[in-house]
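Residues annotated as substrate binding site in Swiss-Prot, with sequence analysis given as evidence: 8, 40, 72, 86. Per Swiss-Prot, ATP binding site is recorded for 8, 9, 16, 87, 88, 89, 97, 122, 123, 124, 125, 126, 127, 128. What Swiss-Prot records for 16 is site 'Transition state stabilizer', and it gives sequence analysis as the kind of evidence.
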């Protein structure tokens with residue numbers, strides 16, 4: 001059985017990758033499908049995202065990476081997929097995803113939506129959270145693969161926050177601070 005895991009993946013996170021890995025154990029093939037959405041201004045181009053995802057999933061032989069535009073169900077039919085794979089982080093995700101699943105069912109009765117609960121450690125994680133943290137100079141090293149973290153830091157002209165080798169907690173780089181003393 002072929003499953004499509006659609007999304008913008010801008011950027012792909014460890015939460016997405018956890019879902020892909022788990023899906024790859026459930027389905028014969030998982031196609032990670034990057035949506036080309038002309039109405040959004042992404043951090044990374046579709047081509048960059050495809051390459052980032054390929055590097056992140058190269059150890060999974062039954063995972064393929066592709067891009068598409070238009071309706072997800074049309075793409076799924078074109079790829080002969082029977083399942084749309086979706087992750088659920090919270091109840092709010094469920095409401096939106098359930099509506100989408102019902103809508104997709106009205107468009108194609110041949111395609112089922114399968115929901116996987118996000119692993120606890122990624123239940124808060126989204127691409128927008130990663131972008132927001134990085135934009136303000138925070139460490140995202142624990143949220144995305146290393147090669148993607150570097151790409152993101154470059155987009156925001158930040159260096160990777162230095163890690164304390166003892167505690168592995170992010171330590172902000174020291175800044176030159178001049179202190180004036182009263183005489």
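The backbone N, Cα and C atoms fix where each Cβ goes, and this holds for glycine too.
The model shown is predicted, which means the values in this text are computed figures rather than measured ones.
Positions of Swiss-Prot features highlighted on the structure.
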{"residue": "8", "record": "substrate binding site", "Cβ contacts under 8 Å, 6 or more apart": "34, 35, 37, 40, 42, 49, 127"}
{"residue": "16", "record": "ATP binding site", "Cβ contacts under 8 Å, 6 or more apart": "5, 7, 9, 87, 127"}
{"residue": "72", "record": "substrate binding site", "Cβ contacts under 8 Å, 6 or more apart": "4, 6, 33, 35, 84, 104"}
{"residue": "86", "record": "substrate binding site", "Cβ contacts under 8 Å, 6 or more apart": "5, 97, 100, 101, 113, 114, 115, 116"}
{"residue": "88", "record": "ATP binding site", "Cβ contacts under 8 Å, 6 or more apart": "94, 97, 115, 116, 117, 118"}
{"residue": "123", "record": "ATP binding site", "Cβ contacts under 8 Å, 6 or more apart": "89, 90"}
{"residue": "125", "record": "ATP binding site", "Cβ contacts under 8 Å, 6 or more apart": "13, 14, 15, 89, 118, 143"}
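The least crowded of the binding-site residues 40, 97, 127, judged by other CB atoms within 10 A of its own CB, is 40.
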